[in-house]
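The feature ATP binding site is assigned by TrEMBL to 11, 12, 13, 14, 15, 16, 17, 18, 19, 20, 21. The annotation Zn(2+) binding site is assigned in TrEMBL to 195, 206, 209, 212.
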Ligand SMILES: [Zn+2]
């Protein structure tokens, strides 16, 4: 039997990346999970990422620190309030303050470096273009452009030892579709963390930030119960 191909999977600890990792596993990849500690205020997600990696039988889980809070500019890394209780139309109205400048480019770049080092041609990322209004680094054309960059920016790409592929299997799925897909693959969503503004004591989700609302609506639309604890 040939060895399992390696996949570098960006694992935030959230629902989308957990589902993405499960899809990669179902396609026969050995999971090399990568989390980025970027100074996010919802740091509980990093512990969640470790739990998810373990539950999916990842070959390894690394956490790399790239402190984007040094520059700030986002409600997730700076002294900017996380919006609460916004309506669906408000959420659809432009790029929110929870946008982290260049975050996916930073994360994919670290993933690319790790992939080149371990000899993985395949990088998996749980970006989604449907439920979020306007994160520019969650669009299909962004993923296509980064894949091109990956192959021209690396030694392995230039020498032809690896042909990098960026997999974004959730990009055109609704949140409900993502949850159904993950549930069918046995993802344990009780291990995941989504909230941007969790209780600092125990990490319980607020239920009112954009991320919580999209998650709750996704479970409702999928006809499933969300197994995590909400404090509000
Ligand atoms: Zn929340």
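Every residue number used here counts from 1 along the chain in the order it is shown.
Any Cβ shown, glycine's included, is placed from N, Cα and C.
Here the features listed in TrEMBL are painted onto the structure.
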residue: 11; record: ATP binding site; DSSP class: coil
residue: 17; record: ATP binding site; DSSP class: helix
residue: 195; record: Zn(2+) binding site; DSSP class: coil
residue: 206; record: Zn(2+) binding site; DSSP class: coil
residue: 212; record: Zn(2+) binding site; DSSP class: helix
What count of other C-beta atoms do you get within 10 angstroms of the C-beta of residue 21 (ATP binding site), across all chains shown?
29
Please determine which of the binding-site residues listed here (11, 15, 195, 206, 209) has the lowest count of neighbouring CB atoms within 10 Å.
206
Closest to residue 21 (ATP binding site): which of the binding-site residues 206, 209, 212, going by Cα position?
212
What's the CA to CA span in angstrom from residue 195 (Zn(2+) binding site) over to residue 17 (ATP binding site)?
14
CB contacts for residue 13 (ATP binding site) [other CB atoms within 10 A, all chains]:
24
Using residue 15 (ATP binding site) as the reference point, find which of the binding-site residues 206, 209, 212 has the shortest Cα-to-Cα distance to it.
212
For ATP, what surrounds 11, 12, 13, 14, 15, 16, 17, 18, 19, 20, 21 with a Cβ no more than 8 Å from their Cβ centroid?
49, 52, 126, 192
In whole Å, note down how far the CA of residue 212 (Zn(2+) binding site) lies from the CA of residue 19 (ATP binding site).
17
